[in-house]
Amino acid sequence: MEAATTLHPGPRPALPLGGPGPLGEFLPPPECPVFEPSWEEFADPFAFIHKIRPIAEQTGICKVRPPPDWQPPFACDVDKLHFTPRIQRLNELEAQTRVKLNFLDQIAKYWELQGSTLKIPHVERKILDLFQLNKLVAEEGGFAVVCKDRKWTKIATKMGFAPGKAVGSHIRGHYERILNPYNLFLSGDSLRCLQKPNLTTDTKDKEYKPHDIPQRQSVQPSETCPPARRAKRMRAEAMNIKIEPEETTEARTHNLRRRMGCPTPKCENEKEMKSSIKQEPIERKDYIVENEKEKPKSRSKKATNAVDLYVCLLCGSGNDEDRLLLCDGCDDSYHTFCLIPPLHDVPKGDWRCPKCLAQECSKPQEAFGFEQAARDYTLRTFGEMADAFKSDYFNMPVHMVPTELVEKEFWRLVSTIEEDVTVEYGADIASKEFGSGFPVRDGKIKLSPEEEEYLDSGWNLNNMPVMEQSVLAHITADICGMKLPWLYVGMCFSSFCWHIEDHWSYSINYLHWGEPKTWYGVPGYAAEQLENVMKKLAPELFVSQPDLLHQLVTIMNPNTLMTHEVPVYRTNQCAGEFVITFPRAYHSGFNQGFNFAEAVNFCTVDWLPLGRQCVEHYRLLHRYCVFSHDEMICKMASKADVLDVVVASTVQKDMAIMIEDEKALRETVRKLGVIDSERMDFELLPDDERQCVKCKTTCFMSAISCSCKPGLLVCLHHVKELCSCPPYKYKLRYRYTLDDLYPMMNALKLRAESYNEWALNVNEALEAKINKKKSLVSFKALIEESEMKKFPDNDLLRHLRLVTQDAEKCASVAQQLLNGKRQTRYRSGGGKSQNQLTVNELRQFVTQLYALPCVLSQTPLLKDLLNRVEDFQQHSQKLLSEETPSAAELQDLLDVSFEFDVELPQLAEMRIRLEQARWLEEVQQACLDPSSLTLDDMRRLIDLGVGLAPYSAVEKAMARLQELLTVSEHWDDKAKSLLKARPRHSLNSLATAVKEIEEIPAYLPNGAALKDSVQRARDWLQDVEGLQAGGRVPVLDTLIELVTRGRSIPVHLNSLPRLETLVAEVQAWKECAVNTFLTENSPYSLLEVLCPRCDIGLLGLKRKQRKLKEPLPNGKKKSTKLESLSDLERALTESKETASAMATLGEARLREMEALQSLRLANEGKLLSPLQDVDIKICLCQKAPAAPMIQCELCRDAFHTSCVAVPSISQGLRIWLCPHCRRSEKPPLEKILPLLASLQRIRVRLPEGDALRYMIERTVNWQHRAQQLLSSGNLKFVQDRVGSGLLYSRWQASAGQVSDTNKVSQPPGTTSFSLPDDWDNRTSYLHSPFSTGRSCIPLHGVSPEVNELLMEAQLLQVSLPEIQELYQTLLAKPSPAQQTDRSSPVRPSSEKNDCCRGKRDGINSLERKLKRRLEREGLSSERWERVKKMRTPKKKKIKLSHPKDMNNFKLERERSYELVRSAETHSLPSDTSYSEQEDSEDEDAICPAVSCLQPEGDEVDWVQCDGSCNQWFHQVCVGVSPEMAEKEDYICVRCTVKDAPSRK
């Protein structure tokens, strides 16, 4: 990169960047408006700009963000685009800074011409601002006045120095030595003895150019430029600039500027210029201008005789030759002490006399402008340079530098003279030459189908200036500078200065890509204000450049403008955003970094009046016009038939003004004497050939020319400025006559007339007063007329549509408000509905309705609604002012509010108060019923209360509720701990806690559980006491239920351990009973073994069916169903006393006996059936009979020896029972009686105990009957029949098969006693293919009584000696004597009588016992006789030879027992014959039972032992029911045990 274009950021400045500038840290101006149009709005750019114009005009600039999907492709060829940027030194841009630099340049030039070296002094470690010092001294009256009045301290204070440090004297010395000689020179005091030179003489041949920055428009790129750099901040040293001898004056001036940290002035011979910069250390001397200390410079004498030629021009003397100075400009001589002010020493450099110095310093400076860089860039190379510069300057990546930091640093740099930062700006690159960034037709960039839409987009800057709505489209002259876009490639700090667009037109700028561009804008109405402020603050700049602000070379800090009340706005334009500037809106800005932008001018119809005003302004400034405004108007008027009616109307108005002005000017010219005229086609001339010589205005309508100056023209405003010839020699050149202009204007008028009439009607309708307003229908008619006549969619029509739409919306809203319907009573979230108005908005809406340009029918109705809403507000306010309003009243008022579709401010508070009132009522209601007030209810109420707005009543209720909850939770937790306490608490302590809990007005779950536990404990104790006090033996289930209940009660119960022990004893007793009775792995339960069988045969089912058919006798309760063990167990459990249990078991015994008898007969019959009956099913397997088989002694069914276990031959013959019939071990009675005794000691009733008692009673009863049978003669008769071969077996056994079938030592089915050895030998066998290993006593071989006795013997689960004795007696062989006796005819009769007598004795004994009982119970003699009569026929039934006879006998016996039971049932205590004394004796008698229950009252029933002791026992103590006591003999346990050995 060449040195001329290299950018040197220099040392990094310290941050924050407040800088030493006059304004301190930069404060950003307010933001300008930012618009984000919808797609519909974005479709027409001119319509959108017209829409936003009222807003954006107030700020001068605005930003437009296109819709997000609008992203035009970048159409520039990046590789082929190249440009030469402009060089910008930032501190030369700012107006006030440039004034300072110019002043310092003049001071430097003055001292340079005086041959002295200039040092910039430092005061208080700060560089002295010579410009400010000079200005302040001048404001105070000058050097002499300040010294006289001693104002140096005041001046030092104004310059920012601290007072009291003798700074004033230092400043005075610096001023006196540096500035005072210069001011004396300017005032002319140094030339008072000389004739002042004419400063206005032409000195072009010696012209001095201190800046060498020609105007921007005429600068040519130089081959080389001095390297730009950032000067270091001057800290504590002054800069001493030495001028080398070989350097020219211009070079020294250049170096002087560089040493002062100022922009370097350029010289004409800059190509060979070299700069030498040196910083010298601080010198403590106060003086600033230092003369040469070496050999004083004097005029060297060329010849000895020429000395007299040099004399002082002031004093005329040639003396003091060594003090005589020779001017290097004019060779005049002066004494150093004759000069004003005098010089102490001879300068070391070239010296100019006051005359030459005045001539040099009076030369005007050339206009300031930008110079072009020497290097040509492409986008790529410029971007690399720009990014490197910004990254190095801020020492961070470019994208991380905040825009605020860049902005503050920019304004600091442009305001300081100490730092020289130079940047480059690729500005004003013609898109015509390099292509636009937007796609264009026939462009080099190929577009996708989606991107082709951008070719015709109105926002494509190539299209916007030439669109139909743009006025510039009608200009045929070549104004490509305004109609074609310009490209701008920026870098960090590159800027564009304050300016307005040509002809005060609009401009639009689009940032294609890159970093943001910061804009500042001033609205058009403040343009002259900005100009005046800048002229006031920097008047020196406008002396040489009156049109400075049109040159785009001057910038001023926005804060400075805002301080002088100039409105300034800013924005950051990001990539993809537009910035629009409005007519006459000054704007400036800078780039944040490398970016690419494109801009173009355009003019809308509303600009036309401003455009004419701008031309007049240009005429005053003598500024060139880009095009002729009048020519444009006439061009548009010439094609009035195709103009838009709005454009035609506007052009017609502007043309009328033009014609009037032209008519007046031509009349003025005519009065001056100009009479010659000629038509001239001005549009055919180049613009520079038809410009007014005076004001530079482009002439079109007319001009004045003179033959003395051919080719020169003046406008009619400056006729007198053409030449000195008399006016009659002038010639008026015109384009149109007035007669030509009027038809053109009328054509425009005709084109716009219908529209104007319509527009007039629209304006009248829009601006009508209240009493003259039209209806909404009239507005719609105007819109329909515009559509029918195809008027343009201009601002007026859009405004009419907008007003109509607003009116329609207002009508719709008004109707909705009048309907007064809300969708919901309460909206979620509590927020304001978007469709609802507040009362204030309603009031404003009503006001808006009255302010509408049209009249709505809903307006008066809505006014009435507003009145009703205001009444509601008054009532609601009154209700809300009450301390405790009722919920009902609040709800009623809220219901009224639902009629209004208005957001009422009171509703929120009313709903809050309603919630509070409802909550308070809910709390009050909950507290009225403490039993239903749970902890969760209290917590819920508290949670609801917490969510309520603060209110005193709520807070009080909350406090009470919280206190109640705290107490309740405390006691509930305490109750819970009491319930879970181990060991458990006593009933008294828990009852005390319950009393405390009952005082709490709330429902406590654990408290309720504690209360329930206490109540359950009391009930339990009451039940236990009742059980103990009743005198009854407790039932096991009752005890278990009590124990279970007691264990579940969390209270310490004293009786519970005793009951648990009792239940444990019962369980132990049951375990002992199980071990005694049940076999190993028995499928039967203990109760099932002890109770009579309920699962025998099918008799149960038959009896059930028969009972269903038999009606119950009147007055009798239905008997308990005993068809299964569960029925029997339930009946035993439900029985309240032992007697009823025994009766139940007795009934079960009868069922068992009957069912088994039927089963035995059926099985016997099955075995006696014909052989060909193949349906016979036997055995456990229920298959057909097959030898070998064995027959069960009890059920008489046959079983295959392969299916069951049978005894071996070695074991002898034993009674065999099948698995169904053998249910227990059948322990001997001696093992059972201790169980009964221990059960009586336990004194607990349980089904198994009742069953055991009944089984023992049944066993003892069977023993008694068996003993009677054995002692009677009836058994002999049976024995004879058995022995005589009446007993037979159908099947014959095979000994070998039996022995091989079973080898078990003791099969489960065998009994514990043996049969006679000759049992099989005495049996007659029939030949049959079936045979059994054992034969049973045939049923028809014995009497029914014996058969029943034998059957019941096997049913008994007890081993008795009488059973074996009975079988041995029946199956023993008769002796010969017995056989002889049996053959005797008399013996049998005798034996029979004996037998009958024995039997009769037994019966008499029973009758005596029965009679004794009946007498004791007071039975009448008649009833006893009836009983005796019923029992007497038994004598006839002694001989029982058939089962039918046996059944008749049983029925008769049961009838007698039933009579006894009936007599017992009907003998109530009131009918008894006992006296009260006897009753008391019975009650006081002692029961000898081991575990006497000591019953009282109705339970004192007695039974006498029929054994040897004859003692009386309580029936309930020995487990005997009244029925059993009447039907059977009772032998106590002691007699049973005592008599058992004798019976053996």
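Cβ atoms are placed via backbone N, Cα and C, with glycine included.
Taken from Swiss-Prot, the feature compositional bias 'Basic and acidic residues' covers 202-214 (among others).
Summarising the annotation, Swiss-Prot assigns compositional bias 'Polar residues' to 1376-1387.
The compositional bias 'Basic and acidic residues' annotation in Swiss-Prot covers 1389-1400 (among others).
Sequence annotations record features per position, and here Swiss-Prot assigns SUMO2 cross-link to K148 (among others) based on a large-scale study or a structure entry. DSSP assigns K148 (SUMO2 cross-link) to a helical segment in the three-state reduction. Other Cβ atoms within 10 Å of the Cβ of K148 (SUMO2 cross-link) number 10 in total over all chains.
Residues or ranges marked as SUMO2 cross-link in Swiss-Prot: K204 (among others).
Summarising the annotation, Swiss-Prot assigns SUMO2 cross-link to K209 (among others).
Annotation source Swiss-Prot lists SUMO2 cross-link at K242 (among others), citing a large-scale study or a structure entry.
Among the features that Swiss-Prot reports, SUMO2 cross-link is placed at K274 (among others).
Residues annotated as SUMO2 cross-link in Swiss-Prot, with a large-scale study or a structure entry given as evidence: K278 (among others).
A coil conformation is recorded for K769 (SUMO2 cross-link) in the three-state DSSP classification, outside any helix or strand. For K769 (SUMO2 cross-link), no same-chain residue lying six or more positions away in sequence has a CB closer than 8 A to its CB. Annotated SUMO2 cross-link per Swiss-Prot: K769 (among others), in sequence order.
Residues annotated as SUMO2 cross-link in Swiss-Prot: K1450 (among others).
Under the heading domain 'JmjN', Swiss-Prot lists 32-73, citing sequence analysis as support. DSSP places the residues of the domain 'JmjN' (32-73) in helix, strand and coil in these numbers: 16 helix, 6 strand, 20 coil.
Taking H, G and I as helix, E and B as strand and the rest as coil, DSSP gives the domain 'ARID' (97-187) the counts 62 helix, 6 strand, 23 coil. Summarising the annotation, Swiss-Prot assigns domain 'ARID' to 97-187 and lists sequence analysis as the type of evidence.
Look at Swiss-Prot and you will find 453-619 tagged as domain 'JmjC'.
Feature annotation from Swiss-Prot assigns N6-acetyllysine to K832; the stated evidence is similarity to another entry.
The Cβ of S986 (phosphoserine) has 14 other Cβ atoms within 10 Å, all protein chains considered. Look at Swiss-Prot and you will find S986 (among others) tagged as phosphoserine, backed by a large-scale study or a structure entry.
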If I take the alpha carbons of S986 (phosphoserine) and K148 (SUMO2 cross-link), what is the distance between them in whole Å?
116
Average the pLDDT scores across the domain 'JmjC' (453-619) and report the rounded value.
90
